[in-house]
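What follows is a set of notes on a single structure, which appears directly below.
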Amino acid sequence: MELNSSSRVDSEFRYTLFPIVYSIIFVLGIIANGYVLWVFARLYPSKKLNEIKIFMVNLTVADLLFLITLPLWIVYYSNQGNWFLPKFLCNLAGCLFFINTYCSVAFLGVITYNRFQAVKYPIKTAQATTRKRGIALSLVIWVAIVAAASYFLVMDSTNVVSNKAGSGNITRCFEHYEKGSKPVLIIHICIVLGFFIVFLLILFCNLVIIHTLLRQPVKQQRNAEVRRRALWMVCTVLAVFVICFVPHHMVQLPWTLAELGMWPSSNHQAINDAHQVTLCLLSTNCVLDPVIYCFLTKKFRKHLSEKLNIMRSSQKCSRVTTDTGTEMAIPINHTPVNPIKN
């Protein structure tokens with residue numbers, strides 16, 4: 001469908017913002033999530049993965065699925081929002097964006113509930129056989145979200161608009177809603193309401209965890225360390241939601257109403273600008289999610305700490321070698337230096 005470019009607003013700063021932000025997220029996200037999968041493959045045989053580690057692996061896979069589409073979006077925005085790639089890639093990119101967003105929300109939700117149970121009912125949780133439940137819950141989440149996202153694979157994802165100069169046409173990807181479409185509005189209302197229901201449940205669970213941990217007396221240094229890590233994990237999960245997901249879902253409904261022509265046009269540009277910024281924030285969850293793993297698994301922290309210590313040691317040795325070479329080079333011009341014997 002061809003539309004006149006003057007009939008819609010555009011946030012031109014996104015053609016600079018998205019390529020920069022997405023490039024950084026792509027590099028950091030691939031490294032961080034790839035490393036997480038590699039560590040899990042090395043440290044944990046598949047049959048020894050407990051419930052929470054199963055959720056973490058699935059969360060990492062969801063992040064990687066989105067990360068592999070980022071080069072497509074980088075090309076799109078670098079080309080001033082003109083999709084010249086095959087249409088099915090636009091559908092695929094939109095589908096994986098949806099899958100990553102709501103798989104991340106779902107798996108962070110079940111991870112939080114797992115920790116909530118461990119804090120409130122430690123004996124019952126320790127005695128429970130949770131591996132099968134973790135696999136079953138993961139399958140339910142994937143089936144439900146992939147089924148919902150499959151709509152993006154079959155919908156008409158592209159539309160043609162006039163370019164800024166009016167001298168030709170460009171193809172947009174997932175940037176067109178039919179004016180006054182009530183089905184589109186209902187879908188977005190359901191998505192936003194569903195998200196905030198999950199967010200409120202996560203907020204409740206995390207507040208209970210914080211309250212319970214702070215009330216417990218700390219008698220040993222080890223217990224203090226465990227409590228500190230647990231509190232950091234809770235704060236990190238909440239930070240991921242507040243930074244990445246909440247802003248987008250607060251703006252999503254007003255933006256949808258504006259795109260459908262159901263919102264005052266005087267605010268359309270400001271809402272569209274805010275929407276672009278929240279899309280950038282939404283994608284940062286792929287980089288922040290791996291931080292959570294540091295507080296959840298002892299082996300992961302130990303492995304990461306060992307690698308960091310090796311890197312520091314190698315850098316220190318390199319500096320010592322350089323300094324020694326400098327010190328020995330100075331007296332050569334004056335008097336011979338006896339070789340150092342070990």
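Note: Cβ is positioned from N, Cα and C throughout, glycine not excepted.
Worth saying up front: this structure is predicted, and the values here are computed from it rather than measured.
As recorded in Swiss-Prot:
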TOPO_DOM  1-16  topological domain 'Extracellular'
CARBOHYD  ASN4  N-linked glycosylation site
TRANSMEM  17-38  transmembrane segment
TOPO_DOM  39-54  topological domain 'Cytoplasmic'
TRANSMEM  55-74  transmembrane segment
TOPO_DOM  75-91  topological domain 'Extracellular'
DISULFID  CYS90-CYS173  disulfide bond
TRANSMEM  92-113  transmembrane segment
TOPO_DOM  114-133  topological domain 'Cytoplasmic'
TRANSMEM  134-155  transmembrane segment
TOPO_DOM  156-184  topological domain 'Extracellular'
CARBOHYD  ASN169  N-linked glycosylation site
TRANSMEM  185-205  transmembrane segment
TOPO_DOM  206-233  topological domain 'Cytoplasmic'
TRANSMEM  234-254  transmembrane segment
TOPO_DOM  255-276  topological domain 'Extracellular'
TRANSMEM  277-296  transmembrane segment
TOPO_DOM  297-342  topological domain 'Cytoplasmic'
Checklist entry - Relative to the transmembrane segment (277-296), which of 92-113, 134-155, 185-205 accounts for the most Cβ pairs at distances under 8 Å? => result 92-113
Item to check | Helix, strand and coil totals (DSSP H, G, I; E, B; other) for the topological domain 'Extracellular' (255-276) | outcome: 17 helix, 0 strand, 5 coil
Next on the checklist: Please determine whether the transmembrane segment (92-113) and the transmembrane segment (185-205) are in contact (criterion: at least three Cβ-Cβ distances under 8 Å, sequence separation 6 or more).
Outcome noted: yes
Item to check | Sequence-remote partners of the topological domain 'Extracellular' (255-276) [C-beta within less than 8 Å, at least six residues beyond its ends] | outcome: 9-11, 13-14, 17-18, 177-181, 184-185, 188, 248
Checklist entry - In the topological domain 'Extracellular' (75-91), how many residues does DSSP put in helix, strand and coil? => result 9 helix, 0 strand, 8 coil
Next on the checklist: Which sequence-distant residues neighbour the transmembrane segment (185-205)? Criterion: at least 6 residues beyond either end, Cβ under 8 Å.
Outcome noted: 105-106, 108-109, 112-113, 115-116, 237-238, 241, 245-246, 249, 252-253, 256-257, 260, 262
Checklist entry - Do you know the mean pLDDT across the topological domain 'Extracellular' (255-276)? => result 92
Checklist outcome for this item: Using DSSP three-state counts, the residues of the topological domain 'Extracellular' (156-184) come to 3 helix, 10 strand, 16 coil
Item to check | DSSP-assigned states of the topological domain 'Cytoplasmic' (39-54) in counts, ordered helix, strand, coil | outcome: 12 helix, 0 strand, 4 coil
Item to check | All-chain count of other Cβ atoms within 10 Å of ASN169 (N-linked glycosylation site) | outcome: 13
Next on the checklist: Please report, as numbers and ranges, the same-chain residues at least 6 past the borders of the topological domain 'Extracellular' (75-91) whose CB is under 8 Å from any CB of it.
Outcome noted: 10, 14-15, 18-19, 22, 152-155, 157-158, 163-164, 170-175
